[in-house]
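Data first, discussion second: the structure below is written as structure tokens.
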Amino acid sequence: MFLISIASTGVITSEIVLILVIFILTFTLITTEKLPNAIAAMVGAFLVVAFHILSQEEAVEFIDFDTIGLLCGMMIMVAIMRKSGLFEYIAIKGIKITGGNPWKLLVVLSVVTAVLSAFLDNVTTVLIIVPLTLAVSDTIRINPLPLLISEILFSNIGGTATLIGDPPNIMIGGATHLEFLDFIANNMPVVLLASVVTFYLLKLFYYKKLTRRKVDKEKINGFDETRAIKDKKFFVINLVVFSLVIVAFMTHHIHEISMASLALGGGFILMMVTRQEPVEILKEVEWPTLFFFIGLFIIVGGLEKTGIIGMIADGLTGFTEGNTAIATQLILWMSALSTTFINSIPYTATMISVVEDMAAGLGGDIDPLWWGLSLGACFGGNGTLIGAAANIIVAGFTQKTRFSLKFIDYMKVGLPVMFITVAIASLYLYLRYFLF
Amino acid sequence: MKQVGDYTYRDISSINENSTLRRVIRTMKLHRASAVPVVDSLGEYKGCISEQDILNAAVPAYMKSMYDTSFMAGLDQITVNLAGMLDEKAMNFLDENYPFVSPGDSMSYAADLLYRAKGTILPVVDGKMLVGLITRIDVLAVALDEGQTD
């Protein structure tokens, strides 16, 4: 569509051709996993600068510090908090509440996953929950796959609820005026509704399977959550500092300190009060992820400067005839279907620029477009095993075990859940923003 | 130069390549050894099996990815797993790259290898044939000999 509009305007410069080649090449390498994400994005970004599509100064300006700083700060805090045993404590407490009933286990572990992934990134959440799930399943001798599939679904659904829960939200938060509480106010109702419906679907799929066999319920008591906490004082300090940071996120409108500064400040203050060695903690920061984002911001910057983003935005605005309600639905479904198969991070990085450009054409309040992008890109990740980084990690965990999670087996559950939750989001956005 | 050959302990027990894991564990327990050398039917050295290799196979993958497993104190996954593996072939647990020395190597070279090795023994191999082994204490005891000559 936008290729036609480029052709019709007749301004195909060598820069446009170059940036399109770099963009498509990078995107293909990321999607096919031929190269690690960080390498693909940073080499692409280098080419953008090397071919003088952007100067170095322009490239740096396109890197959204709100996103990078927030991610980095959260990674530092999580690296310290993981040592406290807090997350294991919560999960084991939950496991014991179920008394070893497999269906209750699925529900409780999914809720814990959803809550943790609303405040931590999804990959960290599943790295904590999945080994515990496998340990419990192994102990009471049940097939862990229904639990794991449910955890994947809820890591993506839970992450949708807050600004810091999922990369698309972090990026949207960084790029717009939308704050922590705005995300909760707008996404939380859909997340709750989608959760209830997803549990209902999972019950249809798995309830009989899970409750058919007798399990060794008593063995659950072998888990001792108090042992997860090695150092009580350290545990309490972590809890207090993290809670303060979350409160600070929520009260941004009062103090107006940016989220990135709060996260980084919180991270280093936590490092100070818990007397951590910076070398050790900074090693835990996922530098490849941060460089992946940096590279993408620069490449998208190239698309923006050469006018390609503008053309896509004009194309979309034209297609929806300037109607914000239709544009919202288009962006929601387009995002969901795209991120089912491609990485939501480069997709969102590109679409943020597109939506910003569309704002001019549409006029009025374009917030619904942001919510469409957020809900679509987050829920879309549930469609297939390659839809989100956390999905791939969970599948990876199972490969060496007796129960390995297959692409098709996941899709049978993931795809219906994705379509139904996006349909709920679609209805919600229409009713909330456009009915009256 | 102190040579490995002068310190080699030759009365050793090795494992045949067709043995089971059960046999390996029994041998290691009997000799209080942290690793045993494995030989084929011609007596040629193939590699070593260490306690670490066996433990590594017995611990479930999910446990390895946890920071800490002490809250699973009442659980017996490792022993259950291990019990299920007792009749597997020893070769499945073999570490072909386990370090070894020749009789002509210096004791300080052996000391360096032992300092980095997962086991506390080093097989001594002459050509392809296993001739004995040296342990960490053999290396440490070199110092006693040094003391006597002074």
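In case you wondered, yes, glycine gets a Cβ from its N, Cα and C as well.
Whatever TrEMBL says is automated annotation, not expert-curated.
Taken verbatim from TrEMBL:
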- A:6-30: transmembrane segment (TRANSMEM)
- A:27-376: domain 'Citrate transporter-like' (DOMAIN)
- A:37-55: transmembrane segment (TRANSMEM)
- A:67-84: transmembrane segment (TRANSMEM)
- A:105-130: transmembrane segment (TRANSMEM)
- A:188-207: transmembrane segment (TRANSMEM)
- A:234-251: transmembrane segment (TRANSMEM)
- A:285-303: transmembrane segment (TRANSMEM)
- A:369-398: transmembrane segment (TRANSMEM)
- A:410-431: transmembrane segment (TRANSMEM)
With CB pairs under 8 Å as the measure, which of the listed stretches A:67-84, A:188-207, A:234-251, A:285-303, A:410-431 comes out on top against the transmembrane segment (A:369-398)?
A:410-431
Remote residues contacting the transmembrane segment (A:37-55) - C-beta distance under 8 A, at least 6 residues beyond either end:
15, 18-19, 22-23, 25-26, 29-30, 62, 287-289, 291-296, 298-299, 301-302, 305-306, 343, 345-346
Is the number of Cβ-Cβ pairs under 8 Å between the transmembrane segment (A:234-251) and the transmembrane segment (A:410-431) three or more, considering only pairs separated by 6 or more positions?
no
